[in-house]
Structure formats: structure tokens, C-alpha cells
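Database features, via TrEMBL:
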| type | residues | note |
| --- | --- | --- |
| BINDING | A:Gly24, A:Leu25, A:Asp26, A:Asn27, A:Ser28, A:Gly29, A:Lys30, A:Thr31, A:Gly72, A:Asn130, A:Lys131, A:Met132, A:Asp133 | GTP binding site |
| BINDING | A:Thr31, A:Thr50 | Mg(2+) binding site |
Amino acid sequence: MGLFDKLAGWLGLKKKEVNVLCLGLDNSGKTTIINQLKPSNAQAQDIVPTIGFSIEKFKTSSLSFTVFDMSGQGRYRNLWEHYYKEGQAIIFVIDSGDKLRMVVAKEELDTLLNHPDIKHRRIPILFFANKMDLRDALSSVKVSQLLCLENIKDKPWHICASDAVKGEGLQEGVDWLQEQIALSNQNDENMRPS
Amino acid sequence: MSSVPMEMKENTVASSKWLDAHYDPVANLYTFTSCIALADLHGDGENKLVVGDLGTGACNMKLKVYRGTGLLSENTLLDLPTGLVSFLMDKHEPRTPAIAVASGPFIYIYKNLRPYFKFTLPPLEVNALEQDVWSQAKEDMIDPMTLKEMLEGIRDKADIPLSVRSLRFLMLEPQDMEEFVNLHKQQPIRRQTVITCIGTLKKNMADEDAISCLVIGAESRDIYILDPEAFTILCKMSLPSIPTMMDVTGQFDVEFRITVACRSGNIYILRRDSPQPKYCIELSSHPVGLVRMGKNVVVGCAQETLQCYTQKGKKLWTTYLPAPVTTMAMMDLPTRGFQAVLVGLANCEVHVYRDKNLVSTIKTPDVVTSICFGRYGREDGTLIMTTKGGGLIVKILKRTAVFEEKDSVPGPPLAQSIRLNVPKKTKLYVDQTMRERENAIAMHRAFQMDLSRMRLAAARAYVKALESSQTPMSASLSEPLKMNAVVQGLGPSFKLTLNIQNTAACRPVMNLAISFLYDEALYSMRTAFFKIPLLVPGLNYPIDTFVECLTDKGISDVIKVFVLREGKSAPLLTAHINMPVSEGLALN
């Protein structure tokens, strides 16, 4: 990092860039969540199923996020692993109204966690138990039980219930993610030989 | 120690090809593969499960729709459903399919889960003679007894069978006939048939969202093809037997093939432009399931076999199954180019066969009665099964699952590695053979001498027994008899049962009597001598008597039984019964 960049960072002129992977099954609300996080003048009106993947950007108070919004359809899920190396954080979105496919979400999460590019990295994972406005939606506690999230020991994770259409619960999740990235950056700085 | 099995268990779970999405053992779904379908009923890209629930078979027939893990709606059905299909009947947008439920002679069409249309099969031709007879009865020209006689005459001779009304009339008791005739004579006679199976056939395009015709198999041995919009009969074909299962492929306007399994155990193949079947496959046992795989037909037979035929009726292969087949379904994954046959077995397993190779086995908690594979919800490879106990099982094929080409049970048969149980030989045996080698001649002589002595002794004893008729089997040619005696009870009173049987081919035995000989100080019997009835050949005659033990010293003795012929003093048979010690006094 050049001196100028550092200086800009301290002054808050240039925000630190973070790459985030947004994963989850199809129809879980990944694109809607990303869309809600964007500034209101940049938000899209119509959300259609993502083909392949798309790259979106949004900013928070201290970070600038670049999100790989992956398609969750079965035939595109094998694309996910090509972007694992770039990801510094993962947002995993779950449709809490789809009880039937909770096992599929768990299966995909397990393959993700056991992937060599992810397994030994301490990257934060944020889970959104989305669509909590549905009448038959599962609570975030129940979702974390069904996905066996308590077995994730070596990575910081957080689950929050969200309603992506109204934008409820998203800010809480992003704040947590920001905090975790700040923490890991501090650690990196400390580890670096002076 | 304990961590090893745990690890192994995890491995087997990881290598499994299926994810357990949902299991509801008390879903109360009683149905068969023909009454289950997956359809995008609301056009929202999410497939629903439509089930024609048979209920108890007499009541509670329902049309149930499942969405995800929950029941979405329930419609009461009027009659027992025999088949259920979903099909597109019009070109309106959005493309929401209709559900056709066949029951009795009717097809009930539901659109948006609301009753929409009811189609009735055309009535069959009525016998003209029968019609005449009933019109006479209507004008009171003949009485019920004459009507009955005339109908019976028609039933025996005519080639068009009688209507249900006449058949029911013939079943009645004479006193109920008058009332029945008065009640029914005003209505015209009709002969209805019943739908046995139903399928769909694309009309003129092979697309997934093209409109389809209904194909119906009826009890009258006819196959009807219906127009999807007007519900008129486009085509009628006849079969030599009653259809039970059907598979339809092709397009109505171009070329199609209907493969029909019949109640006679034959499979017929119908084609466009042929009102009669062109090819026939004769099976060795009745077909239980029928699945078409490309150009071949895979049939599950009642004799625990899976057989594959070409569409011209040539047999390709046979696989032997471990248990009887309960149901069969097609497993088709077009995105991966994978096709296989799912076979539900009575030993609570579902086998996946690709050609003749078993590629996967699924264990289920109960016997599976219906299987459906396809897109359910938003997941393409979903396997839905209902069990005998009314449970619902939903499994999802893993994205990463691969089915190996070869058989899952490789290598030589298991029996090859089992060692034969050959006994070991010790030093004793070797010494014995040495002795035999040295003294062979002496041993042979001594043995021959002993053998002839034994023959003599045996012959003597046999002659003695014959002379005194001590055997329980009679040797005489005129009265071949067999007897055995059974003692029951603890005492002091015993029940003595003699089982006597005449073993002749066709000659009864008469004038026999039974006499007992016993120590009168020890036992008493009410009658020690009685006659026995005529013995019909082949039957076993149990004859009971009661014996009272008189002594209280715990002594037992032998009772002799003689079967005698009247006028002769030498007994035919003798039995010696060793009486048990009376335990009754000890108890007192």
C-alpha cells in the first residue's frame, strides 16, 4: 500500500475495498438483498433470476463492498467455487419459507465449507434467514438448527432474520460484517512484521 | 475406539446420493403410482404434488395438493380415482395445467383446483333382444318369472353381454323381483363401461408446454383418445383384453405408440392408423409395473423379475429381484441425460436400475406403494414416495451425485470365499487305517459271520412278532390297518386315544373290535372291549377311552391293546402302551 493510499485511508477519503460472495439457493433473495443495500437512486425496480453471476457495488460508512451476486440455480451452482479465492467474506442467503429445500441449502453450505479454498481461511460468513415476512417462515434460530451452524467453529458467523423486500434486518447483518472485516484487518496489520 | 464407527457412518452419509428432504409417517396418503402427478398448477414456476387419495377405498376419497412440506388444498372426490394426470388443455396464458381424475365412467377435469368439466364415456351398445324383453315388461305383458327365464336365455347365447340392470335382476330372490321390475322398467336400458387407466399424448408438438390429448383405457377393452379442447373422441382402438397400465409416446397428429399392459398378462403395442394392436408381448407372469425407456419397455413381473423388451416384442434382458415388485416409475433427468427405472420392492427398498444394472438402492421405513420422480417445488431431481402405512417421503437427488455405469455389486459371488466344512483327521484315524491294512482278511471274515448271525436273529424276531400280531401295522392283505396310541393327562385319570386308519385304496373294513389287557389291580376302565365302526379307507378314526389309575404307590404298568376280527381269536394288531406314573395323588 502506497503512502498516499494509506493517507487517504486514514483521512477517510478512500474506503477500503472488500470482495464479498453472495451465495444461496435460487429464489432465496440474493439479488433483492444486494439491491436493497445499494443507494436508493441506484436500486433496480424489477428483479429477475440471475443468469450466471453479476457484480454489484455498494458502500457503507467505512468499507466499499464489491459483491459477486451468484446465480443459485442448480446448473449454475458449480460456478460458485471459481470465485471462492477472491471472496473475503460470504453472505449466505436462505429462504426460510422453503422447508423442503433446507437440506439442499445445508448440503451446499457443507460443500462450501469443505472446499480447499475456504476450509482453512478464517473468513466471516453472514447468514440471512430471508423472507421472514412469510406466514409459514421458520425463525432464524430454527434455520440455524436445521443448517447445523453450531458446527462452524473456525469461522466467525452471524445469522439474522431479514425481509429483503422491505429491507428489514439487512443493516444489522451488514454492520456485523463490517465489524468482522475491520477486526480481521487489524489482526492482519498486527501480524505483519514491522 | 468409538470414533471409528462414527467416522464410517459419516462416510456412508456423505456417499449417499439422496438428501432426505421430508418424511411424514402420518401424512394419511393412500394412493398408487397411477394417481400421483407433479404439476405447476399456478404457473409460478413452483411444481405442486397432486395426489388422488383413495382414502379407505369406500369413503374419504380426496384430491390433495401439496406445496413444499405442507398440504395446500383438499377437494372431495365422488368416487374412487383410478388414474390422475395433469395436462395442458388450451393455449391460454398463463400456462396452467388441468388435472384429470378418472373414476368410474367419468373423467373430472379440474382447473385452478376447481371442478371445470365432467366427461362421460359413451354408453355401449345394448342387446336388442334384451331391450325387447324389457319393453314387454314395461307394458306388463310378461311377469317377472318369464322375464327371468328369457334374460337367462339371452345371457347364455347372445354375443353382446347383458346390462348391469339385467344382471342384478337375475341375482335377486323371487320375492324381490316384482318390486325391482316396477322400480326400473320405466328407465331406458344403458350399458356403461369403466375407466381402468389414463395417460396423455401430445397433440402436434413435442414441446413441454404443448397441449395434450387424454388417452383412456376402458373395461370394455377399448382405448379412446380425446380431443383436449372439445372433449370429443378423436380415435378409438380395441384390444383383445382389458387394459390395466398404459404408456403413451409420440404425437397424435404425427405418429404415436401406446404400450398397454393387459389383465391377461400380455402387452400390446398400438400405433397410429392401426385400430388393432400390431405387436404383442406375452409375459410369463402378470405385469405389475410398466415403464418405457427410450425405445424399450421395462416390465416388472409378479414373479420378482424385471424384463426388458424392444417395441417389437423381442426380449432383451431379465433381472431377478430380491422381493416382489410393488410399483415402478421412470426416473428422468434431462439436464444430465440420465434415465433409469425406479422399482419399489416389498422388502422396503427402492432400486434404481439403469439398463439391467442396479445403480442405487434406497432403504425406506415402510413398503412403498407409489413413486413419482420429477420437478417438485423448485428442485428438479425430487423423488416422492408414499408408503403402505400412508406416509409421505420426499428425497432430493444431490447435485454432485454420480451413478456409476457398472453394477454396484461387483466381483465373484460371496459363496466363493466360504470355506467348505471338511472334518479333520486325527492320529487315531491313521492308526485305524494301519490296522485295517494289516488285518484286512480277518476283519472281513469276522464281519461277514456277525452279519449272517444278525440276519438270523432279525428274521426270528420278525416271525415271532408276526405270529403273535404284535406289530401296530397289519400285514394282512385283506385288512391293511394302521394304529397308534396316545396317552394324555397327569392322572389318576388318563385319556387314551387310539388312532386307527384303513390304508387300503378302496375297501372299507367292517366288524372289528378292540380289547384291552391290563392289570386290574392297578387300572380300571369302563369298557375294556368295544366294537369299532366301519373304517372308510384313508380316514383317521380317533377312539377315546378313559383309564383310571387305582394305586397310590406310584407304580406304572403296560396296557396292551388288541384289534380283533369278529369270529377270530388271533389279534390283527397289537399295541403296547407304557402308562406314565400317576401324578394326581401326589398333587392331592
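Just so it is clear, glycine is given a Cβ too, placed from its N, Cα and C backbone atoms.
Since this is a predicted model, take the numbers as computed values, not measurements.
Distribution of TrEMBL features across the structure.
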residue: A:Gly24; record: GTP binding site; Cβ neighbours (10 Å): 23
residue: A:Asp26; record: GTP binding site; Cβ neighbours (10 Å): 19
residue: A:Ser28; record: GTP binding site; Cβ neighbours (10 Å): 27
residue: A:Lys30; record: GTP binding site; Cβ neighbours (10 Å): 27
residue: A:Thr31; record: Mg(2+) binding site; Cβ neighbours (10 Å): 23
residue: A:Thr50; record: Mg(2+) binding site; Cβ neighbours (10 Å): 18
residue: A:Gly72; record: GTP binding site; Cβ neighbours (10 Å): 26
residue: A:Lys131; record: GTP binding site; Cβ neighbours (10 Å): 24
residue: A:Asp133; record: GTP binding site; Cβ neighbours (10 Å): 15
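Filtering the binding-site residues A:Asp26, A:Thr31, A:Gly72 for a Cβ under 8 angstroms from any Cβ of chain B leaves A:Asp26, in order along the sequence. Inclusion criterion for the binding-site residues A:Gly24, A:Asp26, A:Ser28, A:Lys30, A:Gly72, A:Lys131: a C-alpha placed within 10 angstroms of the C-alpha of A:Thr50 (Mg(2+) binding site); this criterion is met by A:Asp26, A:Lys30, A:Gly72. The secondary structure of A:Ser28 (GTP binding site), as reduced to three states from DSSP, is coil rather than helix or strand. Between A:Asp133 (GTP binding site) and A:Thr31 (Mg(2+) binding site), the C-alpha separation comes to 17 Å.
A distance of 10 Å separates the Cα atom of A:Thr31 (Mg(2+) binding site) from that of A:Gly72 (GTP binding site).
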